[in-house]
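Asks: Swiss-Prot lists these features:
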- 109-317: domain 'ATP-grasp' (DOMAIN)
- 136-195: ATP binding site (BINDING)
- Gln275, Glu287: Mg(2+) 1 binding site (BINDING)
- Gln275, Glu287: Mn(2+) 1 binding site (BINDING)
- Glu287, Asn289: Mg(2+) 2 binding site (BINDING)
- Glu287, Asn289: Mn(2+) 2 binding site (BINDING)
Amino acid sequence: MVKVLLVGGGGREHAIGEALVKGGAELYVVSKHKNPGLARIAKDYGLARETDVEKVVEFAEKWKVDFAFIGPEAPLEAGVVNALEERGIPAVGPTKEAARLETNKAWAREFMERNKIPGRKLFRVFDDPKEMKEWIDEFGKPVVVKPLGLTGGKGVKVVGYQLKDNEEAKEYAEYLIRKDGKVLIEERTDGVEFTFQVFSDGKKVVPMPLAQDYPHAYEGDVGPITGGMGSYSCSNHLLPFITKSDWEKALETLQKTVEAMYKEGYPYKGILYGQFMLSKDGPVIIEYNARFGDPEAINVLSILEDNLVEISERIIDGNLRDVKFSNMATVVKYIAPQGYPENPIKGVRIEVNEDKIREEGARLIFASIDENYTLLGSRALAVVGVSENLEEAEKIAQSAIRHVKGPIFYRKDVGTRESIEKRIKIMKSLRGDFDVNSC
């Protein structure tokens, strides 16, 4: 049996763990709190901060694992892959240097510029408030202001959304320069965002089905940005507003990225996630993530037909082949504590009827919750509906939520026809009429 160490204890990692066990792995987990879903399927469980590299390596050596699979971004930034590889333990996940695609936004933008990656945005990095203000005034169009490190997607502010105008953008950018020493300013791109995740063996990429995330806290895409309140994917692995040509361009961006990383001496092995904006001119890369999306990992792993252990071994050995996914639609809805993300309640027990959820045909994924169903303050559970069409998948996920009771909060509109029509409408306003893909 292949012994696999999984680092991380969120919903994404529960989905990864289930896929590894289904592929025949003997699973070992290290995370800062015990995920009840992972605890049920793991041979052993080590409690430690995922960024405590020495501790992670210690567990890996104690359990004599064959390889590691890294779930979240923080341990990648901490260099957990480098440390494991130094001890002869291969990993699915990029080294600290390769993970800069996510962990250092300025480096990533400069890398894209150096290598002429298609779909890149206009950007500037500033450490001088005066220069920054002059540039924004001269640019004269709406901008996006981004902090440079890992922010869990929460520090990015866009003119016309979180910022009233470029004047407010200058104030926020100045605050970030004072706080972090630097700030990243980009042109604003209008359109609809989508997620394109690929497996990478260092030289080539293999695509997964596209997904679309719902980052805003509240229905109708308003409110603060969260880690993601849910996501959907379509049975044809595209999205209703994406053409085959858009898909090919986005894939080219990711393939060229991996080729350029190899050329620069940082072979990228693991999962690469491109967050794209579909603009009127085609897909623009908003940012990279150096790991699976959470929730989008749950969508794609729910319909993975091939064996994740074998895929992982091929990533490590550098000989990836195409990967098969079933032609099913998926809807993932996250359940969070009331008050999330700004002021979530914690320490309260909720009722979860797992048998009834299964009877609805849904899967239950555990995240920030303990084995007594006590809320730990972040997204707690995800319910997953899988069916031949999106309506049916959404119904399954929605009906499962009835069997979770307590001070919870979720978005009813994730994966609904209305919410998707809204996105199609945005694209039609930018591109004119087009043939919509069925989902």
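Keep in mind that glycine also has a Cβ here, set from the backbone N, Cα and C atoms.
Not measured: the values here are computed from a predicted model.
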Asks: Going by Cα-Cα distance, pick out whichever of the binding-site residues Gln275, Glu287, Asn289 is nearest to Val144 (ATP binding site).
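Replies: The answer is Glu287.
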Asks: Around Glu168 (ATP binding site), how many other C-beta atoms are within 10 angstroms of its C-beta?
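Replies: Here the count is 14.
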Asks: Around the Cβ of Val144 (ATP binding site), how many other Cβ atoms lie within 10 Å? Please give the count over every shown protein chain.
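Replies: So the Cβ neighbour count for Val144 (ATP binding site) comes to 22.
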Asks: In angstrom units, rounded to an integer, how far apart are the Cα atoms of Gln275 (Mg(2+) 1 binding site) and Val192 (ATP binding site)?
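Replies: Cα of Gln275 (Mg(2+) 1 binding site) to Cα of Val192 (ATP binding site) measures 11 Å after rounding.
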Asks: Looking only at the domain 'ATP-grasp' (109-317), report the model's average pLDDT.
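Replies: PLDDT averaged over the stretch: 96.
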Asks: DSSP three-state call for Leu176 (ATP binding site): helix, strand or coil?
Replies: helix
Asks: Whole-number Å only: compute the distance from the Cα of Leu184 (ATP binding site) to the Cα of Glu287 (Mg(2+) 1 binding site).
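Replies: Answer for this pair: 12 Å between alpha carbons.
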